[in-house]
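Undergrad: As listed in Swiss-Prot for this protein:
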- LYS40: active site, proton acceptor (ACT_SITE)
- TYR268: active site, proton acceptor (ACT_SITE)
- ARG138, MET316: substrate binding site (BINDING)
- LYS40: N6-(pyridoxal phosphate)lysine (MOD_RES)
Amino acid sequence: MKFDGVRPTRVEVYLDAITHNFREIKKIVGKNVKIMAVIKGDAYGHGASYVAKFLEKEGVDYFGVATTEEALELREKGIKTPILIFGYTPPTQLRQIVKHDLTQTVYDIKYAKELEKESLKQNKRAKVHIKIDTGLGRIGYIDFDLAQKEILEMANMRGLILEGIYSHFAAASEDDRDYCKEQFDKFMNLISSLEKKRLKIPLKHIANAAAILNLNYSHLDMVRPGIILFGAYPSKRVERKVELRETLRFTTRVVHLKDVPAGFFIGYGKSFVTKRKSVIATIPVGYADGLDRRLSNNYKLLLKGKYVPIVGRVCMDQCMIDVTDVEGVEIGDEVVIIGTQNNETVSVESMADKIETIPQEVFSRISRRVPRVYFYDGIKIGEVNYLK
């Protein structure tokens, strides 16, 4: 049956592939290094709650998310594993942080005092990880003398547990290994200074996906894999140390077919004109679903194992493909946007290259109006339609 009760445009998520990738990462870092699975951005478009449930079964040590809302969604779905919020949480939401045992990133003593005040109000202690900016220029302490002074003060706060300290590489996926080493040395020098003051922080972490593969010295107490959990490498310049498996297919189906003559215009702005008698198919996927408009007249999808070009501009909800050279196309035939069909593949990396971005952005821009259908070892185990 070509159509079922789920929207024709969908993402199939392979949870067994995600768990495989997780195990591959464990092989690299060894049993003494903890793993924080980074599942922000709805697990890079894969659906955070399902992914978290399966990684929790695999024994993941921590989850990393960007916002309070992402963390609360996981708690509401029954996730018990510790969750670190990488970003800023407004003071108005600190009650939720404490109530749901979430770990907050901190890089300011005034903020730490606000969090401690809320913790004591609830008769609890909130876990915090201190963020150090060693060269990314985003958030975190850049004055290391101030950092040391305030961290030592935080360590004595009754309402806080100073569990972790971390930083983030700016160029681990690039060729600038010297800058990575410079960042790492800054981070370790601060930690050494704190330890001389008799403060030993349990979880020290700096390694993202690229550093896991390229910079073994940076693994420390915990690593933070993100995109490699989801089957893609962070860049072409990282070592291919692991056998990553494809974790999703982004697909749709043909909903309209028409025969048109040569000289027929397709799409907004008349940006494509047929050069011969052609068969044009319409598929119900557009830029509101995550198919980038820059792929207009500039990319090929898969139909019956053959590459077919997008013709005309990608619309908000639909686009057109030229299927003239594919025999026997029918309404309901599957079209692959990202993934494999009949041993041919449209990779997330190739799409990212075409629009001059990274796989992380391509995955995370697949919108929530696209249902996620979940499989394990080829068996469908569930689906999520965010709009129901």
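Each Cβ is built from the backbone N, Cα and C atoms, and glycine gets one as well.
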Undergrad: Go through LYS40, MET316, our recorded positions, and report the one whose Cβ sees the most other Cβ atoms within 10 Å.
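TA: That would be LYS40, with the most Cβ atoms nearby.
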Undergrad: Rounded to a whole number, how many Å is the Cα of MET316 (substrate binding site) away from the Cα of TYR268 (active site, proton acceptor)?
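TA: Answer for this pair: 11 Å between alpha carbons.
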Undergrad: How many whole Å apart are the CA atoms of ARG138 (substrate binding site) and LYS40 (active site, proton acceptor)?
TA: 17
Undergrad: Counting across all protein chains present, how many other Cβ atoms fall within 10 Å of the Cβ of ARG138 (substrate binding site)?
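TA: Total other Cβ atoms inside 10 Å, all chains included: 11.
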Undergrad: Any idea what DSSP makes of ARG138 (substrate binding site), helix, strand or coil?
TA: coil
Undergrad: Can you tell me how far the Cα of LYS40 (active site, proton acceptor) sits from the Cα of TYR268 (active site, proton acceptor), in Å?
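TA: So the Cα of TYR268 (active site, proton acceptor) lies 35 Å away from that of LYS40 (active site, proton acceptor).
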Undergrad: Are there any residues at least 6 positions away along the chain from TYR268 (active site, proton acceptor) with a Cβ closer than 8 Å to its Cβ? List them or say none.
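TA: Sequence-distant Cβ neighbours: GLY312, ARG313, CYS315.
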